[in-house]
Every structure is written in C-alpha cells, then in structure tokens.
Amino acid sequence: MNIAMDLSEKEELEIRKSIAITNMKRLVIGLTITALMEIFIIIFHDLPGIRSSESADKWIYTSYLILHGIISMLGLYFAVYFRIVTKRELARNISFYENCIYFILGIILLSITLIAGLDQFTTGQIVAFGVNIIYSGLVIIIKKPYNNIMYITCFLTFIIEMIVFQKDKNILFSHLMNGAFFFVSAYFLAKFVYNNQVSHLHKNMKLEESNKKLQYLSNYDLLTEIPNRRYFKEQLEKILIDKYNTSKSYIVVMDIDFFKKINDKYGHPVGDEILKQFAKLVEENITSDDLVARFGGEEFIIFISNMEKENIEERVESLRKVIEKNEFKVGDTIIKITSSFGISILDRAGELNFEKAYRFADEALYHAKESGRNKIYPIKNYDA
C-alpha cells in the first residue's frame with residue numbers, strides 16, 4: 001500500500017477495492033462534466049478557430065480539436081463504463097480496474113498538459129492547466145507508482161513545451177516556476193490524500209472488526225462458542241415472527257447428567273472441555289433450521305421447528321442416543337456421559353409465550369431427572 005502500516009492481505013485488498021469504488025464514482029461525475037465541457041469548447045472554440053485562422057495557424061486549432069476530442073470521447077466512454085461496473089466484477093479483477101482508472105486519468109492529464117503548450121500561441125496562460133493538475137491530486141485517490149509516472153511524465157512534457165513554444169524569456173521563467181509549483185503541489189497533495197484515505201479506511205476496518213468482536217462476545221458463550229441465552233431469545237423472536245402460524249415449534253431443555261460429579265472427580269478444566277465437546281456434538285446433530293444455545297452451567301436449550309408432534313420425541317431420542325454412545329476424550333481420559341431432556345410446544349411469538357414454554361420444558365426436564373435420568377420426559381398437551 002506504500003504506506004507505513006501493518007496491513008493483512010485481506011485488509012489491503014479491501015482498501016484497494018474501496019478506493020477503486022470511490023475513484024470510479026468520482027470519475028463518472030467528473031468525466032461526464034469534463035466531456036460535456038470539451039464538446040462545448042470544440043463547438044465554440046476549436047471549429048471556429050479552424051475556419052477563421054490563417055493557413056499557418058490552422059494546425060494549432062486542429063491540435064486543439066484532436067486533444068479536446070480525445071478527452072471528450074474517452075471521458076464519455078469511461079464514464080459509462082465505470083457506471084455499469086458492479087462491485088462483484090471489481091472484486092474479481094481489481095488490478096484491471098485500477099489500471100483503467102489511472103489510464104484515463106493519465107491520458108486526460110497529458111492531454112491537458114499538451115493543451116497548455118498550445119495555449120502559448122493563443123492566450124499565453126497556464127492557469128486552467130494548473131487548476132486541473134492540482135484538482136486531479138485532490139479529487140482522485142492516486143497511489144504509487146501511478147502518481148510518480150503521471151506527474152513526472154506531464155511535468156517533463158510541460159517543461160519541453162514551454163521551452164519550445166514560449167519565446168518570451170520572462171513569461172517562460174514565470175511559467176516554469178508556476179508549473180513546478182503546480183506539479184509539486186499536486187504530487188504531495190495526491191500523496192497526502194491517498195495516505196489519509198488508506199489510514200481512514202484501515203481505522204474503520206479495525207473499528208468494524210472490534211465491533212464484530214464485541215457483538216460476538218455479547219451473543220455467544222465464550223466456552224462453547226454457541227449462542228448464549230440472550231442471543232437465543234433474540235433470534236427465537238425473529239424466527240417465530242417469520243414463521244408465525246406456519247409450522248409447529250418446540251423448546252427442548254437438556255442438561256448433562258451428574259455433571260457436578262465430573263467436575264469433582266476430574267476437575268473444572270476437564271468439565272469445561274466436556275461442555276465444549278458436548279456443545280459441538282449437539283450442533284452436529286441438529287439441522288440448520290434448529291437453534292441451540294447454552295442457557296447456563298450444564299444446561300442447553302434447542303429450538304426445533306417444522307416438525308409434527310408425533311415426530312419430535314423420536315428426533316430428540318435420536319440425539320439422546322448419540323450423546324449416550326459418544327466417547328468424550330480429554331487428554332488420555334475417556335468419559336461417557338448421558339443427558340436428560342424436557343420438551344414443550346411453542347407455537348406463538350412473544351416473550352411471555354417463550355417463558356411459559358420454557359417453564360413447561362424445564363419442568364419436564366425435572367421429571368426426566370427424577371424418574372432416572374438419561375431419558376426424555378414425554379410431551380403433554382401443554383397450551384403454550
């Protein structure tokens with residue numbers, strides 16, 4: 001990125017893409033306005049100049065016409081082209097579009113520089129040229145080595161033109177000094193704008209990354225890396241609104257049998273590892289439409305939808321068997337565990353309805369434990 005900043009490959013690519021998008025948006029507007037202005041100049045300056053000038057001077061206005069024509073045609077073409085480029089296309093070939101951006105800018109700057117040389121035969125001024133050069137460094141975000149190539153090429157061309165076309169030594173000296181000021185100003189302005197933009201984008205990316213981490217910390221259980229209680233309830237509310245009255249839904253509350261004994265026997269680090277493996281096992285055995293969360297301690301909760309009441313117990317029983325058969329390995333220790341389950345029907349959205357369904361499921365879990373553990377307490381006809 002040509003700036004003293006520690007950027008990952010992904011960050012650099014995102015910054016390049018963002019800068020390219022910004023440049024193309026600005027060029028769509030700038031090139032359109034420039035092309036229309038050039039057409040206006042061709043109609044009211046170049047063509048009348050060719051008709052009214054003497055034969056010896058026709059080449060000047062003909063050259064004006066050619067340069068203004070190049071700027072207007074390329075300007076209109078790239079204004080339309082950049083307008084229709086999608087972000088997906090840009091991401092697939094970022095280098096190509098960067099080259100397109102700097103190509104059209106370079107051609108326009110060089111054409112403006114050549115026009116400044118022709119102006120020495122007519123107005124003798126370089127003000128319009130200087131304004132355009134500085135404006136390019138301010139509006140378009142130009143990176144190395146493109147800024148070096150463009151400005152050095154244009155500056156050398158400018159010097160040669162002034163020496164060849166401007167015969168008045170005092171005016172020549174003034175133009176060379178002013179031209180040097182224009183180019184140096186444009187160069188350092190372009191460098192400042194580019195570095196400032198990269199720094200700004202990088203800070204925004206870091207801020208966005210920090211916000212995502214904070215969002216993750218607030219939504220997910222750090223130990224098991226599955227949703228926590230708050231995020232589960234938040235997502236459940238959205239799901240139920242989306243699927244309101246279209247499918248039957250269920251709350252399954254489960255916990256690990258005799259988990260306290262595991263902690264007492266093997267220690268809390270082993271218990272934590274069991275919880276992590278348990279959460280992963282449950283995630284692997286539910287569908288993408290289901291939602292699982294750690295509700296606290298060794299208690300987990302699952303939301304299941306799109307299933308008839310006759311099939312839900314069979315589904316949960318299948319999960320119970322998977323847990324029962326699984327071997328949880330922590331270091332050299334293999335631990336077998338079981339789980340108890342309580343199920344409740346949930347068919348309406350709203351905080352009150354969830355809390356009611358959760359209470360029924362929690363009561364069912366209590367009965368499952370009281371009746372021997374490692375089992376599912378049958379669903380009763382609860383009116384959730």
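Cβ atoms here come from the backbone N, Cα and C positions, even for glycine.
Note: TrEMBL annotation is automatic and uncurated.
Computed from a predicted structure; not experimentally measured.
Among the features that TrEMBL reports, transmembrane segment is placed at 27-45, 65-84, 96-118, 124-142, 149-166, 172-194. The domain 'GGDEF' feature in TrEMBL is assigned to 247-381.
Within the same chain, the transmembrane segment (96-118) packs against the transmembrane segment (149-166): three or more Cβ pairs sit under 8 Å, each pair at least 6 residues apart.
Per DSSP, the secondary structure of the domain 'GGDEF' (247-381) breaks down as 62 helix, 37 strand, 36 coil. Using a Cβ-Cβ cut-off under 8 Å and counting only residues 6 or more beyond its ends in the same chain, the transmembrane segment (124-142) has close neighbours at 19, 22-23, 26-27, 30, 101-102, 105, 108-109, 112-113, 115-116, 150-151, 154, 158, 166, 171, 175, 178-179, 181-183, 185-190, 193-194, 197.
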